[in-house]
Amino acid sequence: MLCDRLWRNARLATLAEGAPGLGLVEDGLIAARDGRILYAGPARAAPAFAARETVDCEGRWITPGLIDCHTHLVHGGDRAAEFEARLAGASYEEIARAGGGIVSTVRATRAASEDALVGSALRRLDALIAEGVTAVEVKSGYGLSVASERASLRAARRLGESRDVTVTTTFLGAHALPPEEPDKDRYIAHVCTEMLPALAREGLADAVDAFCEGIAFSPAQTARVFEAARAAGLPVKLHADQLSDLGGAALAARFGALSADHLEYADEAGAAALARAGTVAVLLPGAFYFIRETRRPPVDLFRRHGTRMALATDCNPGTSPLTSLLLVLNMGATLFRLTVEECLAGVTREAARALGRLHEIGTLEAGKWCDLAVWDVERPAELVYRMGFNPLHARIRRGR
């Protein structure tokens, strides 16, 4: 059988659906043609391949390319000065009254050109790519006007044109109130009738997100956004139950959301609802760490009910200025007490599920895109165990 490229003498963590554990294969082989996997499994069971190029992996481990399924890569400015103020004892409320917080990022994002947004986001994206990331989700949400949200989503699309990476875009117009609009209901009406339909028509968004929280939008307001997304034919995601239990997990499940993210305050009913709906719980330990949260997501409840769990950086300027998915692996284990298997599945198979792309990425299985990360480690657990260490040997996207 003819193939473009063959990786031999490799150890595989396939993460395949239904495989025990990480789907480990000690003497493995991967064959690819036209960017897709033809075979991934034991060398002894492989068909006879005639390869244009053969790569000897010398016993290295291969995993699926890593996936960061929750980021806010596109934004103007930073919030380093606020970080210093917080260290000096200033509260979030004091910072906000002084013109800081998310409003400061909105102003900086609106003031930046689309080219400038692309340039700054590429620096953050490059840090992720250097750790084996082959797919990333990018949200808008710092423009909060049709023009600025359009620019943010266009910038996100351009990231995938500028780098060899799969980019999924998410419209997050219901992120916060813009500084010029004091009325939440009126703003949500604008999101639903003007912003979302326009950006959906232009094909700029692959999904729609919202922030359901006391400091953001109510469950009823969030439901209006999700109804508008449904009318536009777009799947939904939700920032849910991060700071309080507003029933966000159950709301996400009711709308069949791809994912519900954060979830520190989710309850058992919410965990069960997520499992029934097939909605992935995306856990974000970077934000938990950075803003010194003390309440962990209810991981034991997710396990009990069979809720799928993913991990992501939540890279954003205010609460998680983090561009290391490898560090997130360690944080997931140490802060949230996930197992090695849960962590690695959380940045591959379950992250793909959270983006609605499991049919094409996230595991090493025939028919999927040949997105690989090759690692200089003795065992996959090292990827979770080590901190501040990047053992990536090679990153392959679509067989190249």
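For all residues, glycine too, the Cβ spot is worked out from N, Cα and C.
The shown structure was predicted, so the numbers you read here are calculated from the model rather than taken from an experiment.
Taken from Swiss-Prot, the feature Fe(3+) binding site covers His70, His72, His239, Asp314. There are 27 other Cβ atoms within 10 Å of the Cβ belonging to His72 (Fe(3+) binding site). His72 (Fe(3+) binding site) falls within neither a helix nor a strand when secondary structure is assigned with DSSP, and so counts as coil.
Per Swiss-Prot, Zn(2+) binding site is recorded for His70, His72, His239, Asp314.
Secondary structure at His175 (4-imidazolone-5-propanoate binding site), taken from DSSP and collapsed to helix, strand or coil, is coil. Cβ environment of His175 (4-imidazolone-5-propanoate binding site): Ile102, Gly141, Tyr142, Leu144, Asp209, Ala210, Phe211, Ala216 lie under 8 Å away, each six or more residues apart in the same chain. Feature annotation from Swiss-Prot assigns 4-imidazolone-5-propanoate binding site to Arg79, Tyr142, His175, Gln242, Thr319.
Tyr142 (4-imidazolone-5-propanoate binding site) carries neither a helix nor a strand DSSP state and counts as coil. Annotation comment: Swiss-Prot describes Tyr142, Asn316, Gly318 as N-formimidoyl-L-glutamate binding site, evidence class sequence analysis.
Looking only at the binding-site residues His70, His239, Asp314, Gly318, the one with its C-alpha closest to Arg79 (4-imidazolone-5-propanoate binding site) is Gly318.
If you compare Cα positions, His70 (Fe(3+) binding site) sits closest to Asn316 out of the binding-site residues Gln242, Asn316, Gly318, Thr319. Looking only at Cα atoms, Asn316 (N-formimidoyl-L-glutamate binding site) sits nearest to His72 among the binding-site residues His72, His239, Gln242. Asp314 (Fe(3+) binding site) sits 13 Å from Gln242 (4-imidazolone-5-propanoate binding site), counting Cα to Cα.
Listed in sequence order, Glu213, His262, Leu263, Glu264, Tyr265, Ala287 are the same-chain residues at least 6 apart in sequence whose CB falls under 8 Å from the CB of Gln242 (4-imidazolone-5-propanoate binding site).
Here His72 (Fe(3+) binding site) is positioned 11 angstrom away from Thr319 (4-imidazolone-5-propanoate binding site), judged by their C-alpha atoms.
Apart from His70, His72, His239, Asp314, the residues listed for Fe(3+), the same chain places the Cβ atoms of Thr71, Lys139, Asp261, His262, Leu284, Ala287, Ala312, Cys315, Asn316, Ser320 within 8 Å of the centroid of those Cβ atoms.
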